[in-house]
Amino acid sequence: MRKKRDLHWAMSPMLTINTFSGIQPFSLEQGSSQRRVFFVFNCATFAVLFCFTSYLTIKVPYYKLYFSGTLDLSAYVKIIWGVFILSSAALSGCMHLIRKKQIISIFNGLAYLVKELWRNGMMCYRKFILHQVFLFFINTSNLITLPLRSIEIMGDVPTHFYNVLMMMFWTSIHLEQEMQFYNFLYLLSRCTHSINIRLANLNSVVTSDSRSQRDHTCVLRQISRLKIFQIDLYKIYRSAKSVYGLPNLLLILNNLLNSSFILYSIFDYGIFSLKGRNYRGQIYSFLLWSFSDFFIMLSIISAKEKLRKEVDRTEKLVIDAMLKVEDYPVRRELRLFALQLLHTPFRSSACGFFPLDLTLFTS
C-alpha cells in the first residue's frame, strides 16, 4: 500500500526530533488519554527544568560576585551572556509548551491548505526538511562539544556541568521553535504562490471575449474559493506571529548580544579564555554557535520577504484583472477580493520591537 504523502509525512523527520524534545505539536491530537498523559508529563518535566534553570540563573552571578573578589570586565560580560541565554531560552521553551493547542491548529490548517494548493511539492519539501535536520544535528553536535570542552578545561564538573547542560537543552529547544516558524513562513509563501498561479490563469479567462455562461459561473466560483484560501492563510499567519513572537524577539536579542560581545572580544580577548588560557577549538565552536543563530534569523527574514513579495503579487494580479474585466459580477467579486487583501496585511514584528524584514538590519 502506497504511503500517504501529505504535510505530516514530509515534516516527519523534524517532528520526530520535536518528540524527543517534548515540543511535538500533535501530542494532543484526537484527545486520547494516552496523549494527554504524555502532555502532562512534558509539562511537569519542563516545569522542573525551568525551576532548576531559574535557580542556576540566580546562582551563577551570585556565586561569581560574592566569592570572587576581583572580576574584570570580561568576567561581567560572560556572566551577562550566560544569564541571558539561560533565562531567555528557558522562558521561550515553557511558553511554547503552553501554546501547544495553537500550534496544533496552525499545523492542521497548513496541512489542509497544502493539500489543496501545493500537493505535488511534498517530495521536494521532505528533502528540504532532511537538509534542515542535517544542519540541526551539526549545530547540536557543536553545542555538545562546547560544554564538554569547557568542563574538561575548568575541571569543575558539579557546578559548571549543570549550567552548560541546561544552556544546551534550552538553546536546542529555542532553535527547534525557530525552525518551525521558518517552515510555517515557507509553506505560507508556497501556498500564496500557488494562489498567484491560479489567479494568473483566471486573468486570461476573465479578459476573454468568448466566454459562455458556464465559464462565467466557474470563474466566480474559483475567485470565491481563492478568497477563502487567502483568508485562511492570513489567519494561520496571524496565529503563528502570535505564538512565535517571544521566541523571535529572544532570537534577535541573542544575535544582538552575540554581535556586541564578539566585537568587544576584539579589544578584550578574555571573554574567550578559561583559567587565563585561550583555546582555539573552543573559539571556533562558539563562533559556529553564534553563526547558527544569525543564519536562522536570516532564513526567517528571507522567508518573510518572499511571503511579502507573493502577497504583493496577489494584489497586483487582482487589481489588473479588476481593471480589465467587463462583467459586473466578476468585477464586483474581484473588488471584494482586493478589499480583503487591503485589510489582511502580512506584516510581522518581534513582539512589536523589531521588524521581521530586511529593515531589521538598518533599524
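Note that the numbers count up from 1, one per residue, in the order the chain is shown.
Just so it is clear, glycine is given a Cβ too, placed from its N, Cα and C backbone atoms.
Features as listed in TrEMBL:
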- 37-58: transmembrane segment (TRANSMEM)
- 78-98: transmembrane segment (TRANSMEM)
- 128-148: transmembrane segment (TRANSMEM)
- 243-263: transmembrane segment (TRANSMEM)
- 283-303: transmembrane segment (TRANSMEM)
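For the transmembrane segment (37-58), the list of distant contacts is 22-23, 27-28, 83, 86-87, 90-91, 93-94, 97, 100, 162-163, 166, 169-170: same-chain residues at least six beyond its ends, Cβ to Cβ under 8 Å. Proximity of distant same-chain residues to the transmembrane segment (243-263), defined by a Cβ-Cβ separation under 8 Å and at least 6 residues beyond the stretch ends, is recorded for 77, 80-81, 84-85, 88-89, 91-92, 95-96, 99, 102-103, 106, 174, 177-178, 180-181, 184, 271, 287, 290, 293-294, 296-297, 300, 349-351, 353-354, 356, 360.
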